[in-house]
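Structure first, commentary second.
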Amino acid sequence: MEKGNKESKKWAQEEVSNEINNRELAEEESVDWRGRPSNPSKHGGMRAALFVLGLQAFEIMGIAAVGNNLITYVINEMHFPLSKAANSVTNFVGTIFIFSLLGGYLSDAFLGSFWTILIFGFVELSGFILLSVQAHLSQLKPPKCNPLINQSLCEEAKGFKAIIFFTALYLVALGSGCVKPNMIAHGADQFSHQSHPKQSKRLSSYFNAAYFAFSIGELIALSLLVWIQTHSGMDVGFGVSAAAMTMGLISLVSGTMYFRNKRPRRSIFTPIAQVVVAAILKRKLASPADPKMLNGGHRVPNDVVDSSTLPYTPRLRFLDKACTKIQDTNTKESPWRLCTVNQVEQVKTLISLVPVFASTIVFNTILAQLQTFSVQQGSSMNTRLSNSFHIPPASLQAIPYIMLIFLVPLYDSLFVPFARKLTGHSSGIPPLTRIGVGLFLSTFSMVSAALLEKKRRDSSVLDGRILSIFWITPQFLIFGISEMFTAVGLIEFFYKQTTMGMESFLMSLTYCSYSFGFYFSSLLVSIVNKITSTSADSKGWLGENDLNKDRLDLFYWLLAVLSLLNFISYLFWSRWNIKSLRNNNSNVVGDEKI
């Protein structure tokens, strides 16, 4: 018994030594702008992260001003019908986040986060400029008309005009998609939380600061820039978006000398593919009962993409076959037949993230409604604030961000330190818990939206009264709070689960959730219209292009039910995530104390 304890202690000491060595290696692999090893006293930290936060604020300012008022532009100037306009917006936003996968891959494998941001930042800028040119030149748009009077008399943008519009739009989508995950990853890379655990607190504060920068950018976009679009024209508005993106790129370049940069690490998918192939080839092989007998133990060989150590976990045991040696043979096995524990744990980590990722899809479907149908909902209400001032419907989405620019600093400076004393967690509350709180609150956003739409429709149809636009405030406020919990929690959880060499790619997965949510929104609208079309004259709940004839309230109730079911599903999968690590006596789940 005593001998076994000594062996266990010796093995544990070896693991600690390996962990320290790998952390030191991670530090050495951080380089400055000239490719030399970074100096902790000169590079990284909050000073460097501030330049990235500046880029994030300006980038979201530009893209939000376009995306959140885009439905008004495509209806009034491109003359698309409501359902097609809504789908154009959701497809555009969805494509942004699909391209985030490309940006994450290019960064981790070839370019590095800094150069990926810089290159695709200019691609996004070119899209803004082309949108501004088209909005300014009447030759590139269909003839003016008022679609609110008679949609059938308006000529829809087609042919060359449509090509110009969608080319500009998807240049913006390509650029923004590749920039977004790398902004978060590059900012987080300035904190060496793996080699200095105390910096985990600063990293958590950075994620809150990133959301604060996001809120500032959204607020300015949805108030000042949307007001400029409404009163000075979309050409000027798109031009201001281009100017904001230019300022963001200037902020990035200004921080060049202060950044810690991580080297790209060739293909990030080869080690994953090796595990899958090896597990299939050895599917009939029995895994050893003792994980210390698996190939590589907890050590990380030089030929593996990452340089961080992942502890063995008993979850998804069928993958352990990939790192099980064939007995009674001295033949050296191919990397496609024998992997290391660390490679297998990478794959296990990625698979365990999928349910958490999937749980945010319905959440982002709700976000899609607030950027499309809720804007149209506001357009049919009384937008007058005074005799001479009207609130642009797209500016409704600024409501939660007005609150959040005060709430986020209070959350980080007051609530988080208090929660740390109760939970012992560096983030105050664990990221998985934070995500769950946000998913739960999003249900009530749709309940509020459904109740308001029923009241608005009844007042307009039955009483001839037009409700004030301020009635729409609660659904935006509730969702804003829920987004503060879910979005930041998801990014922090994914980043702290990541292994070296995959930071940007896993950040892109968090954005990809937005993509699936917006695509699912388009699909759901089509399905609902098809199912609820009871006759040739009926176009379904959302097919009449007139909210007084549509049943948007029922559609919101449907989303509320889906959101609640999604939250229940999330509870199951988050508990599975934690339980699978607790079974191995692990005390970390994305830096969570168990």
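The backbone N, Cα and C atoms fix where each Cβ goes, and this holds for glycine too.
Per TrEMBL, the stretch carrying the note transmembrane segment among 88-107, 268-287 is 88-107. Proximity of the transmembrane segment (350-370) to the transmembrane segment (506-528) is established through 3 or more Cβ-Cβ distances under 8 Å for residue pairs spaced 6 or more apart. Comparison of 162-185, 472-494, 554-573 by number of C-beta pairs under 8 angstroms to the transmembrane segment (390-411) places 472-494 first. Within the chain, the transmembrane segment (554-573) has long-range Cβ neighbours (under 8 A, six or more residues past its boundaries) at 355-356, 359, 361-363, 365-366, 369, 373, 435-436, 439-440, 442-443, 446-447, 449-450, 453, 525, 528, 541-542. If you look at the transmembrane segment (472-494) against the transmembrane segment (206-228), you find at least three C-beta pairs under 8 angstroms, all six or more positions apart, and that counts as contact. Against the transmembrane segment (240-259), the recorded stretches 48-68, 114-133, 162-185, 206-228, 432-452 differ in Cβ pairs under 8 Å, and the greatest number is found for 48-68.
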